[in-house]
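Colleague: Sending over a structure as structure tokens; questions will come in a sec.
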Amino acid sequence: MAGRFVRSSKYRHVFGRSTRKEQCYDNLRISTNAWDTNLVKVNPQYLSVNWETGGGGAFAVVPINETGKLPERFPLFRGHTAVVLDTDWNPFNDSLIASSSEDGKVFLWRVPEGFTLHTDADQVNDIAPVGKLSGHPRKVGHVLFNPAAENVLASAAGDFTIKIWDIEAGSSKLTLKLGDVVQSLSWSANGSLLVTTSRDKKLRIWDVRQEKPIHETQGHSGAKNSRAVWMGEHDRIATTGFSKMSDRQMALWDVRAPREPINGFRVLDSISGVCVPYWDDGTQCLYLAGKGDGNIRYFEYENDKFEYLSEYKSSDPQRGIGFMPKRGVNMHENEVVRVFKTVNDTYIEPVSFIVPRRAEVFQDDIYPPTTGLKPAVSSGEWFEGKEGVPPKIDMASLYEGEGLKELPSDVVPAPKKAAATHSAPAEPAKEPARKPQEEPEVKTARPAATVAPGNTMKEQGASMAAMVSKFADEEEKADEGDDSSSFEEVSKPPAISVASAEPESVVSPPGLWKARKPEAPKPAPSIVKVSPISLAASLHYFMHTIILFGHVRAGLI
């Protein structure tokens, strides 16, 4: 038992399960453009994938249930005059999607009702956009819908700006000006703040409607791309990037004081591909999918730390990655996350992350309420300053096939707010003052009261052995009786280590490694927990001393 770390977790045994080839999406021509985006975006009805074309730009939309080998020719979403760089689904309308391109345009598209790739028509007609947003003079590398406000869209371009669009009005209402190319962006849960990473290695947190950053700090120091993701309703941000020595890193930031990462930068490995972060708010887990390798690590967030859980490993490297929203997972198989990864630029493979459970009933502890299809505010209300978190839906209603059932706000548990972090180092815990007259008196053992005068040396040795055996048996039974997975040691990859931007910046959360103090501290030996081996050695030495003292009294020595 000595040296074992005990931590309770429902997700310790989550595992990734690949999909058979016939249930993948084959015969694709995935874009080979070097621009760093996810290439794939997913919702419960469709997946979109950037398409490799001979001229102009296009992307494909594939219905989720149309797996297997796709037709040689099927309708593409075509309209851009240059390569499509990014797409994003509207979070409140599964049929509405936005795209961005090297032509500097942002287009809006609607998937036709009953859309399918399999048609008997002799002529295949491509889908045209339903809206065009112009305003960027250079290529638009990223598009991202606001997660709380209806029809509010952010677009980041090579002119070092981010435009905030009201797509109902078809116009740009706000412009955020940066000093370099945007590499990633992520909204807060209520849609009021935005975090960005950029080529100048800066991490910026924006008050969007004020059009200025409220915080700007140094991010990952490496030359390669960095990514950021807002951690749901927490005031925390997770980032991935590289060190100056090109080691892949991850970091956790406090939105209120992001001067430096909480507990420093954590080194993952030395692989050259960008790590794509995904935050699962339902399980409070962070997934990191590496570009250029086939691995997906996952961590559980607890006490301002990312606790390593496990890793899905595959020999098939991925360039693109998409994550299914929670309302689209298969709850009948206890699936908590589904990932869609590109393989060899020709097919997309779903990977399911599953919590192993025997019971074939709804598991409410791993499926808390999640965001549905109703926004918190309209676009007009949001631009006027109103904000809020979208209503939650009951996952049990989806499990039973009853559709989306909205829950009242008063029955949805509020997220736990973390305390302030390292920006104001906590004072060390103070020992309670002790009065000199209350010092406990150290008492020595009394041989006469411990050793019976009639016992022989053999009987005393047998008594001591029985005591040691009894204690060891009780400890062993206690260990065997607890079969909880939380007491199983998880071996972490040898490549993972912890590095800090500055040695003095690494501050552990207060009280994390300290045992809870009793109400009335007493230095009694009984509160010190020791292993059975060390206790047995102490008993053996104590009994040997008593026996030796008895022999001296009896005149045997």
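Even glycines carry a Cβ here, placed using N, Cα and C.
Keep in mind the model is a prediction, meaning the values are calculated, not measured.
The compositional bias 'Low complexity' feature in TrEMBL is assigned to 413-427, 493-510. Under the heading compositional bias 'Basic and acidic residues', TrEMBL lists 428-444. What TrEMBL lists as compositional bias 'Acidic residues' is 473-486. Summarising the annotation, TrEMBL assigns domain 'DUF1899' to 4-68. Under the heading region 'Disordered', TrEMBL lists 407-526. Positions annotated as repeat 'WD' by TrEMBL: 77-119, 133-175, 182-216.
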Colleague: Over the span of the repeat 'WD' (133-175), how high is the average pLDDT in this prediction?
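Modeller: Reported value for the repeat 'WD' (133-175) is a mean pLDDT of 97.
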Colleague: In the domain 'DUF1899' (4-68), how many residues does DSSP call helix, how many strand, and how many coil?
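Modeller: Per DSSP, the residues of the domain 'DUF1899' (4-68) fall into 3 helix, 23 strand, 39 coil.
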Colleague: Taking DSSP states H, G and I as helix and E and B as strand, how many residues of the repeat 'WD' (133-175) are helix, strand and coil?
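Modeller: Once the DSSP states are binned, the repeat 'WD' (133-175) shows 0 helix, 26 strand, 17 coil.
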